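Asks: The structure's right below; bear with me while I get my questions together.
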Amino acid sequence: MDVTLSPYQNTSVLETTSFPSSDVKIFQQKSYLLNVRKHRAHASGIRCSIAEHGLHPKPKPKPLKTGGYEVVKKEPDFKGSSSGLCGQIEKLVLCKRYRDALETFEILEIECQYDVIVGKSTYDALVDACISLRSIRGVKRVFSYMVNSGFEPDLYLRNRMLLMHVKCGMMIDARMLFDEMPERNLVSWNTIISGLVDSGDYMDAFRLFLIMWEEQSEASSRTFATMMRASAGLETIFPGQQLHACAIKMDVSQDIFVSCALIDMYSKCGSIEDAQCVFDVMPEKTTVGWNTIIAGYALHGYSEEALDLYYEMQDSGVRMDHFTFSMIVRICTRLASLEHAKQAHAGLVRHGFGLDIVANTALVDFYSKWGRIEDARHVFEKMPLKNVISWNALIAGYGNHGRGIEALELFNRMISERMTPNHVTFLAVLSACSYSGLSDQGWEIFETMGADFKVKPRAMHYACMIELLGREGLLDEAFALIRDAPFKPTVNMWAALLTACRVHKNLELGKFAAEKIYGMEPEKLSNYVVLLNIYNSCGKREEAASVFHTLKKKGLRMLPACTWIDVKKQQHMFISGDKSKPQVQIIRNLKKLMSEIANHGYVPKKNSLLPDVDEREEQMSLYHSEKLAVSYGLINTTNSTPLHLVQSHRICDDCHLAVKLMTKVTGRVIVVRDASRFHRFEDGKCSCGDYW
DNA sequence: CTAGGGTTAG
């Protein structure tokens, strides 16, 4: 069967299902929103209908930040020698030369002590400089100068000082400043609340909001936009709904910022339907609005729909920005869609975002995940600015391609370029060592990362080391690492051990690991299958029957194994065991291929010891979805085209061997993303080093 | 009088 992918189909198995679609819940939310809309229509009848016809007045343009930095008349710097320094600072800030501005301030500070009275407009400029540079040192110096020189700030300047602390993440000082303010206005409240949200203290944000609501009984659209972010952070829909209702009562729900924040809140709290409703009634669909709803669909695993929305956005004539392209590249990464990604890459450059760090990092990730590590490298080297995420993406790319030496070289280059590695960097480096069998280097890094780089090994780093040991067949050592870990072993650690047991055929320890995993994630289908297969392999019929019984009782259903392949910009899905008529040509070609690879040493492998997918029929392996997909891809593309497959399950031993040899006889590159990792097959070899 | 708000990458 060769189906063009229809909406939702590709998401059922592959994507996360963290948002169970409880019909009742959605129904309630929809009716809630319906009421909300009625309420709004009632509250502002005429405006509403104007809005729905797209005639809603545009929001006022933001006033430009230029001007307003004139020297304060009554308080110029009065010691002759330093006069002009303040004016200089203000001018430097206007030219965005923030570092120079702070340096000039330092001169003023050291040479004139507190004799120079710095005016309000200069402080204002210094606040901008500190915020732009995120300079904690700068904040402390500017603030202490103000206090020590006896300058008495007014409410405006106090708010600016508060903002300066908030934006630099100095929330303890900001809280003190806020508490000590002789008077506060709405701006003060909004500023401190947005700081709390930025630092992830969503509950505190709500507490302060409630105090503000009761004490001042006021709030603006800005307050709601910020509070929606707090609700989104809580990932619970109820508070957000309450705020939505308040926003409607205050007649700010149509505000462009509030609308976007609402879309984001609803999608992050699990209701893409409500997010869509808010998007539908947005008076003016801005770039950010589109971006937010696209991000929402992507978050829920509806990658196809997200891509459709992106093309709709394109047609609507709205300007696309670096946010848009970054997201689209990431969506393409999940869809394995080289064509769409290439177009997005072109669009990115055409629209003038070719230097954007986030979008380029997404591209590095895309190219390296889809077997084009040289392209990833090219994008990376052309980036004028790189951050730790960019480095991590490329290092992980080399690791996944089984090119550990290059990954280590990059890591060293990163250190020499004074980029600080983080825990993700070490994950990439350690797994690169593991994939390439660089066990000495891996151990050295694992043992020194805490002391040398202040990154304590976490569970995932342990899992990497367990895999490293597992590859070498050192199962007892791997088990010891789990037992002696300074924290409770995680599922990932046991899973790494289980993989090692599967590859090295250690049933006893494998059974132990599988039981542990089963105990920790009793709702996950694949764990039942693994356990079931292991019991069957051990001949433990009774245990197997009991697992099967529990599975039935919980209503979990075995899903068929699926593979998707991109051919000529279309995605096609194949299901294991499908023998329907349109397959005839695919099967014929497959049989021909199988006999060809037999000449290169192919011997069918028996069912692997612990497959992820239930296999009841012995001779079914010819009909495995990955073989069907490869056969289809080979028939329908030209000789040099690489094939890209995504599949719901871990590739089996037999398919892995078969695909390896197929790349040898056909000269193709075949890239497979399976449930556990990435395989790049070329010339009879696989990047995973035959361990997965 | 000024100031405070929404979306992206490993």
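Glycine is treated like the rest: Cβ placed from N, Cα and C.
From TrEMBL, here are the annotated features:
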REPEAT    A:119-153  repeat 'PPR'
REPEAT    A:185-219  repeat 'PPR'
REPEAT    A:286-320  repeat 'PPR'
REPEAT    A:387-421  repeat 'PPR'
DOMAIN    A:601-692  domain 'DYW'
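Let's see these features in context: how buried, what's close, how far.
Replies: Per-residue pLDDT, averaged along the repeat 'PPR' (A:119-153), amounts to 95 for this model.
Non-local neighbours of the repeat 'PPR' (A:185-219) in the same chain are 155, 158-159, 162-163, 165-167, 169, 171, 174-175, 178, 226-227, 229-231, 233-234, 239, 246, 250; each lies 6+ residues outside the stretch with a CB under 8 Å from one of its CB atoms.
Counting residues 6+ beyond its ends, the repeat 'PPR' (A:387-421) has Cβ neighbours under 8 Å at 357, 360-361, 364-365, 367-369, 371, 373, 376-377, 380, 427-429, 431-433, 435-438, 441, 453, 455, 677-678, 680, 686-689 in the same chain.
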Asks: Within the repeat 'PPR' (A:387-421), how many residues are helix, strand or coil going by DSSP?
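Replies: Tallying H, G and I as helix, E and B as strand, the rest coil: 26 helix, 0 strand, 9 coil.
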Asks: Across the repeat 'PPR' (A:185-219), what are the DSSP residue counts per state (helix, strand, coil)?
Replies: 27 helix, 0 strand, 8 coil
Asks: Using DSSP, what is the helix/strand/coil residue split across the repeat 'PPR' (A:119-153)?
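Replies: Split by secondary structure, the repeat 'PPR' (A:119-153) comes out as 27 helix, 0 strand, 8 coil.
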